[in-house]
Amino acid sequence: MKRKSFPGGIHPLYNKELSKDKAIERMDTPKRVKILLQQHIGAPCQPLVEKGQDVVIGQKIGDTEKFVSAPIHSSISGKVVEITDKYVVIEGEDREEFVFGEKRDIDSLTADEIKGIVREAGIVGMGGAAFPTHVKLTPPEGKKFEAIILNGAECEPYLTIDDRIMTEQAEKVVYGLRALLKATGAEKGYIGIEVNKPQAIQAISEAIKNYNNIELVPLEVKYPQGGEKQLIKAVLNKEVPIGGLPVDIGALVNNVYTAAAVADAIREGKPLYERGITVTGKGVKEPKNIIVKIGTTFREVIDQCGGLTEDAAKIIAGGPMMGRAVADLDEVVTKGTSGILVLTESEVELVEEKTCIKCARCVDACPMYLMPNYLATYARKGMLEEAQKLHLFNCIECGCCSYVCPSRIPLIHLIRQGKWQVNSKKGSK
């Protein structure tokens, strides 16, 4: 099986064996949810409900007229007990009532109707970025999509929910891709899957056999194979121009779980009020792939997975490379939450930073052809113009540079800090 890939990258310990063979389960409905009104890139939603109001599963509780946004829906049936400009709290009741949209089929829908359904369902990118999908399906004037790539690489260590959705619900993923193709007018669809997911490859291969315009692309197991620009390079052998977007070369990338959500929105009229996540790591007693209601606390999700081990030391939302540390277990699951990772004391390494030895390992590993050592140095010294000349904002923050650095310099932290400094100066003008 020929494997496609991209230049650079790394091979971290993947640790997927903890959950990769665990079938997707459904979590018990929580008694209370705190649903954030901004779970996406773009404008926040305004609450559409009032304190004391009864709501049901799938009911729209937040929206805005802004184009770059996505509506928010209730994930449980119950009563609204608190509202702020940032969230809505719902107290659950012993009833499971739903309000879904009309059941449709892509053959009877126009491109604009599909985009409308996607928008009303509140679907966003579910690989972590949470960019509103209906916006992504709408190219700038003068641009058009030629190919859509579904990201099934799931290169982030530990996470396995995408692997499971492809293995267990391949037909749904492919249906979603077909809907995206019709919505954009793109002629060709691709599904890129790393070869360490043989069950997913087999299931998707079977699901696409009757569609000549959809191709499965086996990918080398390498991080960050699932990065948007890296996936385009691997699948299409094209490069997104510096400062450009995938649409500039006719490409559109969506996550496989996003495609499954699109299928549910069209065929079932189901809004995005729940999602599958991976709960894993040696610090959790029973790693699982589990469907969770949006607004559920991390504490409740972890309890559903047996709770924390005695030596649990660090909790990460997402994976170890691009995720972020969680300080409060009362943080809630959002549309962009792909996993909850719990590391133990022995896995959390506190190291002392040393002087750069000019080995250039970070340069070799960088999938964006950047010089992380210089970018980090310039950011540390406040030399922001020099950093921008070296394409500071082309960094995708994958963390490869920090991973390979023998001096344990926090390269990615410094580069993020540099971006923040530049944006802060722009905002103050």
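Just so it is clear, glycine is given a Cβ too, placed from its N, Cα and C backbone atoms.
In TrEMBL, annotation is done automatically, which means it is predicted and not curated.
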The [4Fe-4S] cluster 1 site in TrEMBL lists CYS356, CYS359, CYS362. Which one of CYS155, CYS305, CYS405 belongs there according to the record?
CYS405
C-alpha of CYS401 ([4Fe-4S] cluster 2 binding site) to C-alpha of CYS362 ([4Fe-4S] cluster 1 binding site): distance in Å?
4
Can you tell me the CA-to-CA distance separating CYS405 ([4Fe-4S] cluster 1 binding site) and CYS366 ([4Fe-4S] cluster 2 binding site), as a whole number of Å?
12
If you count the other Cβ atoms within 10 Å of each Cβ, which of the binding-site residues CYS356, CYS395 comes out on top?
CYS395
CYS398 ([4Fe-4S] cluster 2 binding site) versus CYS362 ([4Fe-4S] cluster 1 binding site) - Cα distance in angstrom:
12
